[in-house]
Amino acid sequence: LTFPLLSVTLLVSFGSSMLYGYNLAVVNSPAVHIKQFYNATWSQRYGHGLGPGPLTLFYSLTVSIFALGGLVGSLLVGMLVDRYGRNGTLIRSTLLVLLAGGFMGFSRELGSPEMVIIGRSFTGLHSGICLSVVPLYLGEIAPKNLRGFLGLVPSIFICLGVFFAQVLGLPELLGEDRFWPLFLSVVVIPASLQLLLLHCFPESPRYLLIERNDICGATRALCQFLGTSDIQDVIEEMKEEQQSLSSMEMVSVWQLLRDRSVRWQTLSVVVVNAGMQLSGIDAIWFYTNTIFENAGIPVSQVPYTTVGTGAIEVVAGLIGCFTIEKLGRRPLIITGFCTMGICSAGITVSLLLQTTLPWMRYVSVACVVGIISGFCVGPAGVPFLMTAELFTQSHRPAAYIVGGSLNWLCNFTIGFIFPFLQMSAGAFCYLVFCGVCLLVALYVYLIIPETKNKTFMEISHIFA
C-alpha cells in the first residue's frame with residue numbers, strides 16, 4: 001500500500017463518495033423547515049398554503065429527484081469514461097456540485113423552491129457519475145491483493161457522509177431554520193478540494209494501455225501508484241487482456257444484455273444492485289427521524305438517536321473494509337443482506353407490539369441500527385467492487401451503466417413511494433424489505449463465486 005495509492009483513494013472517496021452519503025441524509029433533519037419554506041412561498045405566490053397531500057408530494061419530489069439525477073448520471077458513465085478517462089471524469093463532475101451548492105444556498109434568499117429541487121438534481125447527477133466511476137478507477141489502479149480493501153474505502157466515506165449530515169443537522173449546529181440552505185450547500189467544500197488536488201494523480205493505467213494503447217503513460221502511472229519500477233508482471237497481465245480483447249470493441253449496454261457469454265455476470269450485477277436499494281436502506285436514511293418518531297422516541301431525543309446510529313454505521317463500514325481481504329466478498333455481502341432482512345422483520349414486530357409493550361421502541365431503534373450496520377459491512381461497497389471484478393475491460397463501462405441505472409431507479413422508487421407505503425401498510429411495509437434481502441442473500445450464496453485475490457481474466461474464466 002503506497003502513499004499515492006492511499007492518497008488518491010482517500011481523495012476521491014472524500015470528494016465524491018462522501019457527498020453521496022451526505023446528500024442521502026441531508027434532507028432528513030431540515031425536513032420541517034424546508035416544508036415550511038415551501039408552504040410560505042406557495043402562500044406568497046398564490047394566496048393560500050399547500051394541503052398535507054400536495055406538500056408531502058412536493059417534499060417527496062425534493063427527496064427523490066436526487067435519485068433521478070443519479071439515474072441520468074449513471075447512463076452517462078460509459079460515454080464520459082471513454083472520452084475523458086476515469087480521473088478526468090471525476091475532475092469534471094465536481095463542477096456539478098459547485099453549481100448545485102449555488103442553487104441550494106441562495107434558494108431562500110430568492111424565494112425559489114425550484115432552486116432546491118434543481119440543486120438536488122445536480123447533486124444526484126454528480127453522485128450517479130461518481131458512484132460508478134470511483135470504484136471503476138480504484139478497481140483498475142489497485143493491485144489484486146488490495147482491490148477489496150481500496151474498493152471498500154468509498155463505502156466508509158459514504159457512511160461518514162451520512163454521519164456528518166446527521167451531526168451538522170443537530171439543533172446546536174446547522175439544524176435551525178435559518179441555516180438549512182447552508183446545510184444543503186456544504187457539499188461544495190469537499191468537491192473544491194478534489195477539483196484542486198486530483199490533477200496531481202495519473203489516469204488509470206489499464207485505461208491508458210488497453211483502451212488508449214499508451215504503454216509509456218501506463219508505465220509512468222503504474223510506477224507512481226505502486227512506488228516501484230518492477231512492474232513488468234502487471235504490464236504483461238494487462239497486455240494479455242488487451243490481446244484477448246483485440247478483436248472486440250467497447251461493448252454497448254444492448255450488446256452486454258445480449259451477450260450470452262456474460263449472462264450470469266450481468267444477472268448478478270442486476271440482482272445485487274437492485275437488491276441493495278430495494279433492501280430499504282434509503283427509506284431508513286431518507287426518513288430516519290420519521291421512523292424514530294413513529295417508534296415512540298421523544299421528538300427532542302430523535303436527532304441524537306440518529307447521530308448515534310450514524311456513528312455505528314461508520315464503525316460497521318470500517319469492519320467491512322478491514323475484513324474483506326480475509327473473509328472475501330461473498331461472506332460479507334451474504335451476512336449483510338441476512339442481517340438487514342432479519343432486522344426489517346424485527347421492526348415490523350416491534351412496531352406492532354409497542355402499544356402493549358412500550359420498551360419495544362428500543363427494539364425498533366436496535367433494528368434500525370442492525371439494518372444500517374448490515375448494509376455498511378457488505379452491501380454498501382461490495383456490489384460496486386464486484387461490478388469491476390466480474391467483467392473485463394471491454395464490458396466494464398456497460399456493466400456499470402446497467403448496475404448504476406438499476407441502483408438509482410430503485411433508489412428513486414423507494415424514496416418516492418415509502419411515505420405512501422408507510423401510510424397504507426403501516427408496520428407491515430418493512431416485510432417487503434425483509435423478503436428482498438433474504439432472496440438476494442440466497443442468490444449470492446448459490447450463484448456468485450468468490451473473487452478474492454484473482455485477476456480479472458481468472459474471474460472471467462471461472463464464470464465461463
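Any Cβ shown, glycine's included, is placed from N, Cα and C.
Marked as domain 'Major facilitator superfamily (MFS) profile' by TrEMBL: 9-452. Feature annotation from TrEMBL assigns transmembrane segment to 57-77, 89-106, 118-137, 149-168, 180-201, 267-287, 307-325, 332-353, 359-386, 398-421, 427-448.
Taken together, the residues of the domain 'Major facilitator superfamily (MFS) profile' (9-452) have an average pLDDT of 84. Counting Cβ pairs under 8 Å that are 6 or more residues apart, the transmembrane segment (180-201) and the transmembrane segment (359-386) reach fewer than 3 and are not in contact. With pairs at least 6 apart in sequence, the transmembrane segment (427-448) and the transmembrane segment (118-137) have fewer than 3 Cβ pairs within the 8 Å limit; the two do not touch.
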